[in-house]
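Worksheet: the structure to be examined is printed underneath.
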């Protein structure tokens, strides 16, 4: 489970709200986290085993677009963060005496404290970076549709994702563990920077990504209508695929992380009470404990559920997956080429304008393919479809494709 509370566990002088969830069935909780994390890693490996659509021998060897690199970075962060959860839960279950020394009020041993702080910061840093990468994906999707940019900004995405995540994580840890791990300062003013590290990018993804996705869907509709001046059934289907995909992404994020926001709100509310053990606060304590266990189940599941949202099931053939609905990229490109035939009433001697139009059309196809499929295969399909159109270059009515 990815929560800033993992870092406060390392402080012997932890607050009462943190102690409430820490002391509630700790072995059952870590066993649940271990099982959920192990299941996520196993399903993730099944997703990677066979390739769904291997590229043909004649496929162009092009570098992956920026969105694919962003998704790979987000997946790597999630995978490593989940691995950190599994290792931490394994140590908590297998070496209870090693962990108990962290809670010693008189003295804190160096190695248990180092493992506690290191594993907590590892999990928090990687999941924070994962959220920043998901925000970069939404930004890149919008920029690609608006101005066909992406690869040129991948370095900026790396700086923003890793730089902001590292900066916030280091600052939060320095404030939380001041002056030392064994004598952490109590109070919200020291803990708030630590919580900002995790919840700032999470809230940014939950609030800003839907806005960017909606703007992207609107821009996609305008792009599809502007290519031929009409909105065909095939193009309407393409726009619907992109819209549904964005909806699935946000649904997974809300399902996996809403419990964290609810739990943290309840614990902050308890911290502001003079006595959290009061009878009137029993429903709040019960809700906090319940959402704490829900977090242990849903947080590690994010990576696998996002892979389903992006690509569907791509792993071992289990015999029950439904056939995928492919978009007719070839017919789209062909129809665009047919729309480029000059009218008998129009002059024929302007190949440059036809070439620019066709290049722009191919770029928009690649952008749409990148959003609807999110893999290299979709871009390859478009190149294949474009090559099939290039075979008709002998026809003077067909404009030639330019190199991108």
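Using N, Cα and C of the backbone, Cβ positions are placed for all residues, glycine too.
The annotation topological domain 'Extracellular' is assigned in Swiss-Prot to 1-28 (among others). Counting only same-chain residues 6+ beyond the ends of the topological domain 'Extracellular' (1-28), those with a CB under 8 A from a CB of the stretch are 81, 85, 88, 92-93, 102-105, 108, 113, 116-117, 119-121, 123-124, 127, 172-173, 176-177, 181-184, 186, 191, 194-195, 197-199, 260, 263-264, 267-268, 270-271, 276, 285, 288-289, 292, 295-296, 299-300.
The transmembrane segment feature in Swiss-Prot is assigned to 29-49 (among others).
According to Swiss-Prot, the topological domain 'Cytoplasmic' annotation covers 50-78 (among others), on the basis of sequence analysis.
Here Swiss-Prot flags 79-99 (among others) as transmembrane segment, drawing on sequence analysis.
As annotated by Swiss-Prot, topological domain 'Extracellular' applies to 100-124 (among others).
Here Swiss-Prot flags 106 as N-linked glycosylation site, drawing on sequence analysis.
The transmembrane segment annotation in Swiss-Prot covers 125-145 (among others).
Look at Swiss-Prot and you will find 146-149 (among others) tagged as topological domain 'Cytoplasmic'.
Only residues 6 or more beyond the boundaries of the transmembrane segment (150-170), in the same chain, are considered here, and those with a CB under 8 A from a CB of the stretch are 63, 65-67, 69-70, 73, 121, 124-125, 128-129, 132-133, 136, 139-140, 143-144, 193, 196-197, 200-201, 370. For 150-170 (among others), the entry in Swiss-Prot reads transmembrane segment, with the evidence type sequence analysis.
Within the model, the topological domain 'Extracellular' (171-191) carries an average pLDDT of 75. Residues or ranges marked as topological domain 'Extracellular' in Swiss-Prot: 171-191 (among others).
Summarising the annotation, Swiss-Prot assigns transmembrane segment to 192-212 (among others) and lists sequence analysis as the type of evidence.
Taken residue by residue, the topological domain 'Cytoplasmic' (213-248) breaks down under DSSP into 32 helix, 0 strand, 4 coil. Here Swiss-Prot flags 213-248 (among others) as topological domain 'Cytoplasmic'.
Per Swiss-Prot, the feature transmembrane segment maps to 249-269 (among others); the stated evidence is sequence analysis.
The annotation topological domain 'Extracellular' is assigned in Swiss-Prot to 270-292 (among others). The topological domain 'Extracellular' (270-292): residue composition by secondary structure is 16 helix, 0 strand, 7 coil, according to DSSP.
Residues annotated as transmembrane segment in Swiss-Prot, with sequence analysis given as evidence: 293-313 (among others).
Among the features that Swiss-Prot reports, topological domain 'Cytoplasmic' is placed at 314-404 (among others).
Most Cβ pairs within less than 8 Å of the transmembrane segment (79-99), among stretches 29-49, 125-145, 249-269, belong to 29-49. If you look at the transmembrane segment (125-145) against the transmembrane segment (192-212), you find at least three C-beta pairs under 8 angstroms, all six or more positions apart, and that counts as contact. Here the listed stretches are 29-49, 192-212, 293-313, and the one with the most C-beta pairs under 8 angstroms to the transmembrane segment (249-269) is 293-313.
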